[in-house]
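The feature signal peptide is assigned by TrEMBL to 1-25. According to TrEMBL, the domain 'Plant heme peroxidase family profile' annotation covers 26-324. Per TrEMBL, the feature disulfide bond maps to CYS36-CYS117, CYS69-CYS74, CYS123-CYS320, CYS202-CYS228. Per TrEMBL, the feature site 'Transition state stabilizer' maps to ARG63. Positions annotated as active site, proton acceptor by TrEMBL: HIS67. Summarising the annotation, TrEMBL assigns Ca(2+) 1 binding site to ASP68, VAL71, GLY73, ASP75, SER77, GLU90. TrEMBL lists PRO165 with the feature substrate binding site. Marked as heme b binding site by TrEMBL: HIS195. The Ca(2+) 2 binding site annotation in TrEMBL covers THR196, ASP244, THR247, ASP252.
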Amino acid sequence: MGGRIQSVTTTFAIILVLLGTACDAQLSSTFYDTTCPNALSTIRTSIRTAVSKERRMAASLVRLHFHDCFVQGCDASILLDDSPPIIVSEKGALPNNNSVRGFEVIDQAKAAVEKVCPGVVSCADIVAVAARDASFAVGGPSWVVKLGRRDSTTASIALANSDLPLASDDLNTLISRFSNKGFSAKEMVTLSGAHTIGQARCVTFRNRIYGNTSDIDAGFASTRQRGCPSLINNDNNKKLSPLDLVTPNSFDNNYFKNLIQKKGLLQSDQVLFSGGSTDSFVSEYSKNPTTFKSDFAAAMIKMGDISPLTGSAGIIRKICSAIN
């Protein structure tokens, strides 16, 4: 009898531990309400200032959140600088190198928050909030950001190279990459709509505009060739062109209208409307901007839930680029 009681007690204790772990793992929009009530307004001010100085920064901050969450989860690992032999920075990965930006904006937001409540707000949460505030600053949707992430003490350049999408990806590869992170094909199209803002480097679309393929509008290709010379060198590779020529600094649904007209800048954009399984999603969003924005907000919330570090996992970094 005593053995049974002990067994039941042990089982009950294990259940309590498991329940406690599950509770600890939950993100919450009210996470900082008592510990740092001015956190969100402080971050918002920093992001608005940065975007007002450079509209392109809005796209960069949305992309930074995406490239963080797709590698090890939303843990701010993308912000870490090289610290051999412990850390090989994800910044050097092929999809990130000379491409992902906005690090200094996150640093500024972190510094501002540290003045208000030192050692409380994670860099991972700041990246997530910054993406939302950046979207809203250029006419995009807002959403409720769940908070409580902690910062990673590791980075993975290998996962950054293997898990992040490339401009040259075909449709099946894109669907697979997003499926591996829990997203449907429609959600992949939804998130790709972030390319309604921002710019791309010549090196990422040169093959497309000089390829004489049937899936690109001839006039569009000619226009883009003027800003992206066929001569391959380092200077030309870095030349920038808006992903959306129509409204490059406004978050709208012109991206999808462009795809229907064969005016997607990247190959990974145009494959979303190329006679395949995602054509219907592109058509829907091209006609319904409200639906697109609503779905985009929902997909961004879901992306913020990818494998966060919570509870006692990870740390709260004082400086986002280093473990300190």
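Glycine too: its Cβ is placed from the backbone N, Cα and C atoms.
Among the binding-site residues listed here, namely ASP68, PRO165, THR196, ASP252, ASP68 has its C-alpha nearest to that of CYS123 (disulfide bond). Fewest other C-beta atoms within 10 angstroms, among the binding-site residues ASP68, ASP252, are seen around ASP252. Looking only at Cα atoms, THR196 (Ca(2+) 2 binding site) sits nearest to ARG63 among the recorded positions CYS36, ARG63, GLY73, CYS117, CYS202. On its own chain, CYS228 (disulfide bond) has CYS202, PHE205, ARG206, ILE209, ASN236, LYS239, SER241 as residues at least 6 apart in sequence with a Cβ closer than 8 Å to its own Cβ. Taking the Cβ of THR247 (Ca(2+) 2 binding site) as reference, residues of its chain lying under 8 Å away and at least six apart in sequence are, in sequence order, THR196, ASN254.
In this structure, the disulfide-bonded residues CYS36, CYS69, CYS202, CYS320 were compared by how many other Cβ atoms lie within 10 Å of their Cβ, and the smallest count belongs to CYS36. Of all the Cβ atoms in the protein chains shown, 20 others lie within 10 Å of the Cβ of PRO165 (substrate binding site). Taking the Cβ of CYS117 (disulfide bond) as reference, residues of its chain lying under 8 Å away and at least six apart in sequence are, in sequence order, TYR32, THR35, CYS36, ASN38, ALA39. Proximity to SER77 (Ca(2+) 1 binding site), defined by a C-alpha to C-alpha distance within 10 angstroms, is shown by the following recorded positions from CYS69, PRO165, ASP252: CYS69. Restricting the recorded positions CYS69, CYS74, ASP75, GLU90, ASP244 to those with a CA within 10 Å of the CA of HIS195 (heme b binding site) leaves ASP244, listed by sequence position. Same-chain residues with CB within 8 A of the center of the THR196, ASP244, THR247, ASP252 CB atoms, the Ca(2+) 2 site residues themselves not counted, are ILE197, VAL246, PRO248, SER250, PHE251, ASN253, ASN254, TYR255.
Nearest Cα neighbour of ASP244 (Ca(2+) 2 binding site) among the listed recorded positions (ASP68, GLY73, CYS74, CYS320): ASP68.
Take the mean position of the Cβ atoms of ASP68, VAL71, GLY73, ASP75, SER77, GLU90, the recorded Ca(2+) 1 site; other residues of that chain with a Cβ within 8 Å of it are HIS67, CYS69, PHE70, GLN72, CYS74, ALA76, ILE78, SER152, ALA155, SER156, LEU159, ALA160.
Here the domain 'Plant heme peroxidase family profile' (26-324) returns a mean pLDDT of 96 for the predicted model.
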